[in-house]
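Novice: Quick one: structure below, then a few questions.
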Amino acid sequence: MVRRGFPTDNEDAQKRIIMADLETEFGLLTVINGYFPQGESRAHETKFPAKEKFYADLQQYLEKEHDKSNPILIMGDMNISPSDLDIGIGDENRKRWLRTGKCSFLPEERAWYQRLYDYGLEDSFRKLNPTANDKFSWFDYRSKGFDDNRGLRIDHILVSQKLAERCVDVGIALDIRAMEKTV
């Protein structure tokens, strides 16, 4: 079964996720692919609360709708760098972003992400790359961050324990990003 959005979404909701349930040898696997709100900054009157609500809705879905005995995979542009290892924009930029409340690794964002870990999800990339600090999925195109490998790791695949045990390889495919784009 494939669903768009959370069960609690109203008709006007953006429906930023697609969920599918798949029968597997280790149970009913729920796959959630999302384009999580970016949030812009703590001070933004609509975008930041929308990001907070999205993470709260995801947590509510997990706690009230998902059978924890079944495996789950949540992936997508989650717009949070959960660890300092996931921040590669330089220390001065990191401090400035925190000072000005710019989104991606604010303490409250990390708390929302931590709730996913507390639920029992594991970061598949960190499982196999526990100390990597030079792998990023977002780059500021204005400052040519891709060329200098200055970026953030904000795209993730979180998995339940049953899937984490089967995880043998992960990575970030930058070759597509490096391709010449049409104008």
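Here the Cβ of each residue, glycine as well, is placed from N, Cα and C on the backbone.
The Mg(2+) binding site feature in TrEMBL is assigned to D77, N79. Feature annotation from TrEMBL assigns domain 'Endonuclease/exonuclease/phosphatase' to 7-175. Taken from TrEMBL, the feature site 'Transition state stabilizer' covers N79. Marked as site 'Important for catalytic activity' by TrEMBL: D155.
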Novice: Using DSSP with the three-state reduction, classify N79 (Mg(2+) binding site) as helix, strand or coil.
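Specialist: DSSP assigns N79 (Mg(2+) binding site) to coil.
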Novice: When you measure from the Cβ of D155 (site 'Important for catalytic activity'), which residues in the chain that are at least 6 apart have a Cβ under 8 Å away?
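Specialist: Spatial neighbours, sequence-distant, of D155 (site 'Important for catalytic activity'): M75, G76, D77, M78, S137, W138, I172.
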Novice: Per DSSP, D155 (site 'Important for catalytic activity') is which: helix, strand or coil?
Specialist: strand
Novice: Using Cβ atoms only, which residues of the same chain lie under 8 Å from N79 (Mg(2+) binding site) while being at least 6 residues apart in sequence?
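Specialist: When sequence neighbours closer than 6 are ignored, N79 (Mg(2+) binding site) has F36, P37, Q38, G39, K51, C103, S104, I154 within Cβ distance under 8 Å.
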